[in-house]
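Visitor: Grabbed the feature section from TrEMBL, which reads as follows:
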DOMAIN    C:55-420  domain 'Ammonium transporter AmtB-like'
TRANSMEM  C:12-32  transmembrane segment
TRANSMEM  C:70-90  transmembrane segment
TRANSMEM  C:97-117  transmembrane segment
TRANSMEM  C:129-148  transmembrane segment
TRANSMEM  C:155-177  transmembrane segment
TRANSMEM  C:183-204  transmembrane segment
TRANSMEM  C:216-236  transmembrane segment
TRANSMEM  C:256-276  transmembrane segment
TRANSMEM  C:283-301  transmembrane segment
TRANSMEM  C:307-328  transmembrane segment
TRANSMEM  C:349-367  transmembrane segment
TRANSMEM  C:397-418  transmembrane segment
Amino acid sequence: HVIFYSTNMRLRLPLLCIILEVILIILFGTLVEYNDDTHAKLWNENRTDSATRNDHENEFYYRYPSFQDVHVMIFVGFGFLMTFLQRYGFSSVGFNFLIAAFSLQWATLMQGFFHGLHHGKIHVGVTSMINADFCTGSVLISFGAVLGKTSPVQLLVMAIFEVTLFAVNEFILLSILGVNDAGGSMTIHTFGAYFGLMVTRVLYRPNLDKSKHRNSSVYHSDLFAMIGTIYLWMFWPSFNSAITNYGDPQHRTAMNTYYSLAACTLATFAFSALVNPEGKLDMVHIQNAALAGGVAVGTAGEMMLTAFGSMIVGFLAGTISVLGYKYLTPVLESKLKIQDTCGIHNLHGMPGVLGAVVGAVTAALASPDVYGHGLQRVFADVETGKWNPQSRGGFQAISLAVTLGMALFGGLITGFILKLPIYGAPPDTHCFEDGLYWEPFSDPLVIPPLAKHIHRHA
Amino acid sequence: HVIFYSTNMRLRLPLLCIILEVILIILFGTLVEYNDDTHAKLWNENRTDSATRNDHENEFYYRYPSFQDVHVMIFVGFGFLMTFLQRYGFSSVGFNFLIAAFSLQWATLMQGFFHGLHHGKIHVGVTSMINADFCTGSVLISFGAVLGKTSPVQLLVMAIFEVTLFAVNEFILLSILGVNDAGGSMTIHTFGAYFGLMVTRVLYRPNLDKSKHRNSSVYHSDLFAMIGTIYLWMFWPSFNSAITNYGDPQHRTAMNTYYSLAACTLATFAFSALVNPEGKLDMVHIQNAALAGGVAVGTAGEMMLTAFGSMIVGFLAGTISVLGYKYLTPVLESKLKIQDTCGIHNLHGMPGVLGAVVGAVTAALASPDVYGHGLQRVFADVETGKWNPQSRGGFQAISLAVTLGMALFGGLITGFILKLPIYGAPPDTHCFEDGLYWEPFSDPLVIPPLAKHIHRHA
Amino acid sequence: HVIFYSTNMRLRLPLLCIILEVILIILFGTLVEYNDDTHAKLWNENRTDSATRNDHENEFYYRYPSFQDVHVMIFVGFGFLMTFLQRYGFSSVGFNFLIAAFSLQWATLMQGFFHGLHHGKIHVGVTSMINADFCTGSVLISFGAVLGKTSPVQLLVMAIFEVTLFAVNEFILLSILGVNDAGGSMTIHTFGAYFGLMVTRVLYRPNLDKSKHRNSSVYHSDLFAMIGTIYLWMFWPSFNSAITNYGDPQHRTAMNTYYSLAACTLATFAFSALVNPEGKLDMVHIQNAALAGGVAVGTAGEMMLTAFGSMIVGFLAGTISVLGYKYLTPVLESKLKIQDTCGIHNLHGMPGVLGAVVGAVTAALASPDVYGHGLQRVFADVETGKWNPQSRGGFQAISLAVTLGMALFGGLITGFILKLPIYGAPPDTHCFEDGLYWEPFSDPLVIPPLAKHIHRHA
């Protein structure tokens, strides 16, 4: 028993990190090249060839501010959102940091491999950086489901599999089915949520209530979490618009997301007070449900959804998210044995599915009357002449089904792999506890016997 | 008595939020359209018409980075700045979030209505988003005056009126008087400050000292507040330059603001130590007065103020702000019955007036010698041939008077509306207390009887 | 004794701040002018002259987003990184704020003076703002070495000298030797680190262990510090690319830095666990060593280092940084009497030297085959016809030696100046203590006698 639950990471974590990084470095060395916009020779050759091409047309200036906003969402947004647990702040920010730093490298390779090699090489630039961050976001969503119950070794192993399957699913959706999903309602949120929910289902701990006194927030940890929430909320317009086409699509997507989130926030406050017997607001709802509006316009945001349409979607997303936290999460745990620490089903799962449906409907309603010459800048198949709004809507709907299937199947397999007793997972009595994986720290607030107990145990 | 002071928000807050959002959605559905830069058809039509128009000329690329910086100031800057209170962090960040999310939608309609309809429609894009955030900033300034003493329902009602009057005042200044105020020394700061001061005057609580033990900071809450301060400080150059003309005005405004703030910070530290008997620094000054330099170049920042001029203005602003906190705020409370929780008079009121005066003087000193062909890019009336620096200076000064009048009158009316005993305002004994409006939370630092007492009361 | 150690700042701090700011204002008034891109007349003259020059070519749009990211690193990144001390958060963020606000003004003058006057005037714009922030970063690195042991007056005096010598060293490297160092591995990190280490050596306190109970973190202070870490980590790609040439160099530098940091993070987690007997992670390593990858590609980042090369450099940097914290820092203190509060030798010193070496090697390997027409956009001496990769590499190596010499010599002199007993330095018994310089604050966590003791003492 002691061997199974030993969380000593002295060899396992370093070895895994070093082996992974060495593999990454070798693969990058053999497969990865600068693209036309980052290569000294190629960028300047093209400049000479064409008098109209100037430095300001380098994709850097169109996408880098969005990239940095996305980067903040990944590292500060997700990282601090999960610090709400009273005694898991180091691990929330720290493991988020570790698995994101790994995933973005691995994702560059996987996405590059599936999305098209150039003479056997993967070309990288700011767009690949954004896509890698997006894929990383999906892994961090799944992290939210298993938060506090997994070792960093388990999380890295999960990331290896999830990134790979993410790239496969993304390839099927974007390259084979040719659907739209610039903000990732399907590829990022739905995939990450149902993958993570399946993993946590497989890793079900019947005795998790032994750690329930730590599975909650304190006053200051909720304020740290609000840093994450607010950054995610503010920069979601950049997230959804980061890889849309230049010009009107990027501009429109950012604005649609802005309105969706604003309406979502009012719905969140309204329903948070409404479902409470005393009419009091719940920080869990504010921290999470207010973001559902960004998830739910992840597919349709680049389309002519209108501000009005965006606000309706955002309002619905906030509503179902709060109701999910209040009524569905307890049922998922008690009936389906899904222990979802952060409630990702309410923030990413249901709003992601809503976003996919809204995307399918909006695509099916698209017409040249509304989009004019801009139609082909949103729907890629217009140029190939295969464009048909109804079938487009149909493909969008099929994509949702594919994503759900990939996520649930991938999560199932990955869950069983993570169940092997070799990763130093925390015991049921010490979930949600930084002391297991971090150097002893001083905290005037901690109950001293707890700290001692941890050290004896580990 | 119990009915009057009941803070039970179970029906009032949800109903108000839902009704407001439904009204917003209906109005957006009937009135709001994408502008030329966000509309798929219009943007691409224009592209076809003119070979020189390219995606990089979409206003998105000129303004979106500034918009995101402004957005951070509104949600993180204002939100966290007000977390300095020891037991009001949830409400500071949370209510800031709620009223900002409402105000930006309402402001889009009000500003769109006043600033020019296009065939009966309001056109939206990144500039309207920045303007809406600006108007929201004004509401959040007023929030600072009543912080801890108002319910979220009161704050939403305040926002309805304040946004409307803000749009009227802005219309008078920018469209009728044609003055310059890109960074909002008058429209945002002066207006928001004196509006809020009048509201808090009308809502005067003679027995507020019953809550005085909570009307102060603790060590960690001051650190959270510094997150707000630093973000406001860093991004103020983006705030002041966000809607100036492209090119040199945007560039110059950002730089002038940068120098003003740097000089202001040295003044703040100097005077904070000087006014203290032991020469110790006061976090209240550092958190607030160091920002006054941004307020005070809100009007003149886009003009040829020079780095040198900006630094003088910043130095003065920091000085009067610290002196205001030390000597004026206590007098305002004891003599004028103005209970100004955050000291907005010192951060936004006086520096805003200073900014208006500096703007008037700088405009009056403008000449083609100095500005060359750039004159018309700063002063709009040059193109109409009506330009005259002295009258321009005069109009700037008149604008300050108009703004003060509108703010004081609007705040008076709004204050009396907010005095109605129907909004669930906190009782004098429980101001500055998150427990009234938020789910019970665990806090090892809270004195347990206090928490119990709250629950009994509510 | 009491006079020597009096920390009463009532006159000294205000006088120094006011005198410095007045001098700055006078010098700015006589020496500083808007550059072509910020001047209303000059920018619009140029527009008229050349039909191809448009507003989007204003340097503002190429550099301002990077500037804001750098600005965040300086004020939030450095400021919060140093809040890890349990009782020094106000001073960490506050003094960081003060000395940065001063340094950026002083640096504008010093750098402008050395880097080329225009008819006796210093021209300012966004590039000078970035350079001033860079120089400020160097001062803040040195601040990390003396953190907790110096008064704000000492820090300002240090900044006066350090900024001046920074500008001299930068002039020698960039203008005389003509080397590359866009991200400042040498000019910023190596210089700031060895300057600071020499200062703290001269200020050696044999009895510092009297304050050792405060020279450590608590749970929440480590979380605040992680805000600083994560922002530095995220925005480092902007830091290294902020002043490279437009187009491919800026794009490539950002991407190289991104990969270097990702690899560095895995190395940091690996070695942090490996050097701990229980395999537990140490927050000190995560907070600091994970950033070394950004430092180490500060010189070579703009070159054709490749993602692969960047990852190797990042991995090495993280490794030596963790090992430095574990094994070298204690030796530096016990043997060399260097008390390095933040361990800047591990984060900036050794990785800076590594970055200089990597830069020299990468420059020596540069060839027209690889860079094509882009060669002259990276290596300025190509245009003058003097380019020779081997001598280029040699000059890079010489620059490292010059930087080390300037830093150690400058730190030595400055250290002796700071040793004068006139600046209100904290006594050995009250280092790392906010109570010395800040208004009494309430903190439920503080041991009351300590607070009292401070007041009696001061």
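We count from 1, first residue shown onward.
Backbone N, Cα and C define each Cβ position, glycine as well.
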Visitor: Do the transmembrane segment (C:349-367) and the transmembrane segment (C:283-301) come close, with at least three CB pairs under 8 A (pairs 6 or more apart in sequence)?
Guide: yes
Visitor: State, in range form, which of C:70-90, C:155-177, C:307-328 has the highest count of Cβ pairs under 8 Å to the transmembrane segment (C:97-117).
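Guide: That would be C:155-177.
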Visitor: Taking 3+ C-beta pairs under 8 angstroms (sequence gap of 6 or more) as contact, is the transmembrane segment (C:129-148) in contact with the transmembrane segment (C:12-32)?
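Guide: By the criterion, they do not touch.
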Visitor: For the domain 'Ammonium transporter AmtB-like' (C:55-420), provide the mean pLDDT of the predicted model.
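Guide: Here the predicted model's pLDDT, averaged over the domain 'Ammonium transporter AmtB-like' (C:55-420), is 96.
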Visitor: Could you check whether the transmembrane segment (C:307-328) and the transmembrane segment (C:256-276) come into contact, where contact means at least 3 Cβ pairs under 8 Å with the two residues of each pair 6 or more apart in sequence?
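Guide: Stretch pair touches.
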Visitor: Short question: most Cβ pairs under 8 Å with the transmembrane segment (C:397-418), which of C:12-32, C:155-177, C:183-204, C:256-276, C:283-301?
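Guide: Selected stretch: C:183-204, with the most Cβ pairs under 8 Å.
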Visitor: So if I exclude everything within five residues of the ends of the transmembrane segment (C:283-301), which remaining residues of that chain have a CB under 8 angstroms from its CBs? That is, six or more out.
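Guide: For the transmembrane segment (C:283-301), the sequence-distant neighbours (Cβ-Cβ under 8 Å, at least 6 residues beyond its ends) are 81, 84, 180-186, 188-189, 217, 222, 225-226, 228-229, 232-233, 236-237, 239-241, 252-253, 256-257, 260-265, 267-269, 271-272, 309-310, 313-318, 320-322, 324-325, 342-343, 346-348, 350-352, 354-356, 358-363, 396.
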Visitor: Could you pull out which residues elsewhere in the chain have a CB under 8 Å from any CB of the transmembrane segment (C:12-32), counting only those six or more residues past its ends?
Guide: 98, 102, 105-106, 108-109, 112-113, 120-124, 151-153, 156-157, 160, 422-424
